[in-house]
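Visitor: Marked as region 'Disordered' by TrEMBL: 1-25. According to TrEMBL, the feature transmembrane segment maps to 46-67, 88-109, 115-134, 141-162, 193-212, 224-243, 249-269, 281-301.
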Amino acid sequence: MLATGKPRQTERPKPPTQEQIRRQPGRKAWVPNQHGAWSMLVLPPIVGWIVGGFSWVNLLFLPAWWGGYLTYWSWSQWLRTRSARKRALIMLPLLVYTGWTASLALITLLVAPYLIQWAVPLAPLFAIALHQVWRGHERSLLSGLSTTTAASLMAAVTYSLAVRGDGGFLGLGTPSSPLPGASPSGALTGWSWMWLATALTAAYFGGTVPYIKSMIRERFNYTLLAGTVAAHAVVAVVTWWLASSGMLPWGHAVLWVVLTVRSLVMPLWQWQLVRARHRPLRPGTMGIVEVFMCVAFLVTISV
């Protein structure tokens with residue numbers, strides 16, 4: 001009882017903050033917090049459509065692929081969690097996503113059985129990623145490179161859907177008829193051009209792994225920064241040579257010069273902000289930059 005004669009009111013518990021909600025095990029298993037992964041899930045299939053065209057089977061395949069990522073995410077959360085209570089919270093999204101992916105994958109394979117060949121390059125990449133999660137190294141460079149490579153292969157997979165599996169095993173055989181897609185000079189056509197576009201897609205997303213690390217978790221790691229810039233510079237030189245040979249649009253070669261400069265300037269700017277005011281760039285700001293880079297990638301690879 002208060003001095004005023006009014007009964008003391010018990011304090012109401014404060015509502016959970018967005019950060020607390022985000023960290024809840026059950027919610028985290030439903031909604032991945034790796035926001036940069038969504039561009040990695042969307043851009044590669046679009047590259048395949050740009051080169052080969054759109055197949056209606058994508059309406060089955062893409063939900064299966066996205067479900068596969070959600071399944072991987074749920075399993076990774078389950079593997080890294082040691083608490084039985086938290087594992088029980090993760091079990092529902094794990095079962096839902098696994099069932100969703102398995103069902104759609106089976107239907108897709110019945111419609112397009114030639115897609116089974118892509119298990120050959122994808123299975124080892126997924127095995128590496130899951131092994132890294134099991135060891136507690138899900139944010140390692142090896143884990144990031146394996147997942148980005150697997151995601152980038154979706155460009156070739158959607159192209160395979162567009163050409164209905166023509167071109168032999170992984171597109172390494174002789175097609176029965178001319179296939180869509182060609183380099184500016186016409187020197188590369190069909191699968192040859194598609195594999196170059198896929199390799200450049202993998203190079204872009206693979207490059208974002210050490211680049212983002214240098215911006216967030218590996219600030220002031222000059223060795224990582226030097227390696228990141230060097231890797232981008234090598235790709236820039238290769239693309240410049242390909243463009244001069246007519247095998248790549250000049251705009252794409254210029255983009256790689258921009259990406260190389262970005263891989264150096266953005267981390268140094270980030271480090272300076274941390275030193276000067278202890279307030280780094282927000283992840284959303286970095287995400288906006290990458291959205292522009294993704295759009296530029298699609299535009300320059302298709303011109």
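Cβ from N, Cα, C; glycine included.
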Visitor: Answer with yes or no whether the transmembrane segment (115-134) touches the transmembrane segment (249-269) by the criterion of at least three Cβ pairs under 8 A, sequence separation 6 or more.
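Guide: No; fewer than 3 Cβ pairs under 8 Å.
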Visitor: Answer yes if the transmembrane segment (193-212) and the transmembrane segment (46-67) have at least three CB pairs under 8 Å among residue pairs 6 or more apart in sequence, and no otherwise.
Guide: yes
Visitor: Grab the same-chain neighbours of the transmembrane segment (115-134) for me: Cβ-Cβ under 8 Å, and only residues 6 or more beyond its ends, written as numbers and ranges.
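Guide: Distant Cβ neighbours of the transmembrane segment (115-134) are 61, 72, 75-76, 79-80, 108-109, 140, 142-143, 146-147, 149-150, 153, 156-157, 160-161, 165, 169-170.
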Visitor: Which bits of the chain, at least 6 residues beyond where the transmembrane segment (88-109) starts or stops, bring a Cβ under 8 A of a Cβ in it?
Guide: 24-26, 29-30, 57, 60-61, 63-64, 67-68, 70-71, 73-75, 77-78, 81, 115-116
